[in-house]
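J.: So TrEMBL lists these for the protein:
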{"type": "ACT_SITE", "residues": "222", "note": "active site, proton donor"}
{"type": "BINDING", "residues": "220, 258, 261", "note": "Zn(2+) binding site"}
{"type": "DOMAIN", "residues": "19-159", "note": "domain 'N-acetyltransferase'"}
{"type": "DOMAIN", "residues": "168-300", "note": "domain 'CMP/dCMP-type deaminase'"}
């Protein structure tokens, strides 16, 4: 039995909702239609040509024999492909009709899970500088630009598991942070911040920044939400969404927690806390607290060596 036949009988991998990864098999008629779109081919190869059948077969054979290759299925229809090479290189193609449905983001997150299972140290992607839509998508998952066209995602040994929230749940958390931002008290800076903190039991606590004429007593939105939760007896958290902008302005850049807030959040969320920094519900990036505060000082440090040994 050859590799293509084997992959046909392997079970698809569920991603989320109506999205599945279908192991590669020769579905050339469907796939060829994607690669005869000149604009899509430009994004993939930065060349002004479309694929013919022999070229498509050669590419798929190479990707299948140098890693793992899947078709992306959405609501029962094949709409793209994604590959993870043994070197860690990740590539994804989605036909135009299915773009802007958050399919790519969810698929990339699933491929990162597979990369961890395969024991890879990092994943990387080559994205041409003019393909800003793909760049934003990879950055939102946590890929970091190394230069104008190369992105990398570190898969550290023992890396904390990222949030299990669905995209819709993340977007709802962002909306709650945006609503909290409207209650910010900012007569001095006019910079309004909102936060929505999700507890391990699913409860959500919101907060806004509250300024003070003496400046030092000012409370950031993240700590307002955190202290509200702790006052209610809740001390374990999984996710926080943070948004910020000057009054009356549209977000053009993310707002990340300040150093004091990172330390406060680390106390109760630890390195696994997922921090969602958003411009809008559809435009955000995520980082673990371990990335925002590496080698963070927390309760285990105060407990001393016994905490490490236990």
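Think of each number as a place in line: the chain as shown, counted from 1.
Placement of Cβ uses the backbone N, Cα and C atoms for every residue, glycine included.
Automated prediction, rather than curation, is the source of TrEMBL annotations.
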J.: When you average the Cβ positions of 220, 258, 261 for the Zn(2+) site, which other residues in that chain have a Cβ within 8 Å of that mean position?
T.: 221, 222, 223, 257, 259, 260, 262, 264
J.: Ten-angstrom check, please: count other Cβ atoms within 10 Å of the Cβ of residue 220 (Zn(2+) binding site), all chains counted.
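T.: Counting Cβ neighbours of residue 220 (Zn(2+) binding site) within 10 Å gives 22.
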J.: If you count the other Cβ atoms within 10 Å of each Cβ, which of the binding-site residues 258, 261 comes out on top?
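T.: Comparing the binding-site residues 258, 261, the most crowded Cβ belongs to 261.
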J.: Mind checking how the domain 'CMP/dCMP-type deaminase' (168-300) divides into helix, strand and coil residues in DSSP?
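T.: For that range the per-state counts are 42 helix, 40 strand, 51 coil.
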J.: Between the Cα atoms of residue 258 (Zn(2+) binding site) and residue 222 (active site, proton donor), what distance do you get, rounded to the nearest Å?
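T.: Counting only the Cα atoms, the answer is 9 Å.
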J.: What is the three-state DSSP composition of the domain 'N-acetyltransferase' (19-159), stated as helix, strand and coil residue counts?
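T.: Here the numbers are 56 helix, 40 strand, 45 coil.
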J.: Does anything in the same chain, at least 6 positions from the residue listed as 'active site, proton donor', have a Cβ under 8 Å from its Cβ, and if so what?
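T.: The answer is 193, 195, 197, 207, 240, 242, 257, 261, 264, 265.
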J.: Over the domain 'CMP/dCMP-type deaminase' (168-300), work out the mean pLDDT and round it to an integer.
T.: 93
